[in-house]
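Visitor: If you look up Swiss-Prot, you'll see 79, 104, 131, 132, 133, 134, 135, 136, 137, 138, 139, 200 marked as 5-phospho-alpha-D-ribose 1-diphosphate binding site, on the strength of sequence analysis. As annotated by Swiss-Prot, uracil binding site applies to 194, 199, 200, 201, with the evidence given as sequence analysis.
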């Protein structure tokens, strides 16, 4: 699928299978989400640009590669996005963080925005937007709309699961934003849930209904 990368690393797929199981506990689900987010972050950042820096090791002075440019921004779509955020910050602790409050109205399936906080200079940074589920795509589309209104243009979207319907909607709205996911599932049901999916990621992560 054009513009979509499926991260099929064996460890990612193994952990995802355990997360899908309905008997997986809240604590285990949360831990696995943190672990899998680190692996996903590794893949979504593999082409970051490097520059050479002169450093001193205990033995000699050398030229060594280091990330070039301003720090990344991880933009979490609340609340479930925070589950991915933690593992990514373990890997890139210097990243800046944006929080975007968008929830899906369960009657209309449309996004409702309630919060937005991001660094002022998002136009100068790579933004990685995170949300475990790309279902209808409406929430992620709305979140990226807000970032673009602030001048952001170098954006990537990272999720755990995606539905074909959500991918189509997302790519139609933001064809310039690549999507990274661990799996593309079959379809959405009448309630807008990904099938076979893993249920509501936020509820499973926080033990709510």
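Just so you know, glycine gets a Cβ as well, placed from its N, Cα and C.
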Visitor: Select one residue from 131, 200: among these binding-site residues, choose the one with the most other Cβ atoms within 10 Å of its Cβ.
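Guide: Per the Cβ count within 10 Å, the most buried is 131.
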Visitor: Reduced to three states, what secondary structure does DSSP give residue 139 (5-phospho-alpha-D-ribose 1-diphosphate binding site)?
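Guide: It is helical.
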Visitor: Taking the Cα atoms as reference points, how far is residue 137 (5-phospho-alpha-D-ribose 1-diphosphate binding site) from residue 194 (uracil binding site) in Å?
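Guide: Rounded to a whole number, the Cα-Cα distance is 11 Å.
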Visitor: Rounded to a whole angstrom, what is the C-alpha distance between residue 139 (5-phospho-alpha-D-ribose 1-diphosphate binding site) and residue 200 (uracil binding site)?
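Guide: Rounded to a whole number, the Cα-Cα distance is 14 Å.
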Visitor: Measuring Cα to Cα, how many Å separate residue 200 (uracil binding site) from residue 135 (5-phospho-alpha-D-ribose 1-diphosphate binding site)?
Guide: 11
Visitor: Determine which residues of the same chain, besides 194, 199, 200, 201, have their CB within 8 A of the center of the CB atoms at the recorded uracil site, and list them by sequence.
Guide: 132, 133, 161, 193, 197, 198, 202, 203, 204
Visitor: About how far apart, in whole Å, are the alpha carbons (Cα) of residue 201 (uracil binding site) and residue 133 (5-phospho-alpha-D-ribose 1-diphosphate binding site)?
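Guide: So the Cα of residue 133 (5-phospho-alpha-D-ribose 1-diphosphate binding site) lies 7 Å away from that of residue 201 (uracil binding site).
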Visitor: State the Cα to Cα distance, in Å, between residue 79 (5-phospho-alpha-D-ribose 1-diphosphate binding site) and residue 199 (uracil binding site), rounded to an integer.
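Guide: It is 15 Å, counting Cα to Cα.
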Visitor: Over all shown protein chains, what is the count of other CB atoms within 10 A of the CB belonging to residue 133 (5-phospho-alpha-D-ribose 1-diphosphate binding site)?
Guide: 29
Visitor: Give me the CA-CA distance between residue 194 (uracil binding site) and residue 133 (5-phospho-alpha-D-ribose 1-diphosphate binding site), in Å, as a whole number.
Guide: 8
Visitor: With DSSP assignments reduced to helix, strand and coil, which class does residue 201 (uracil binding site) get?
Guide: helix
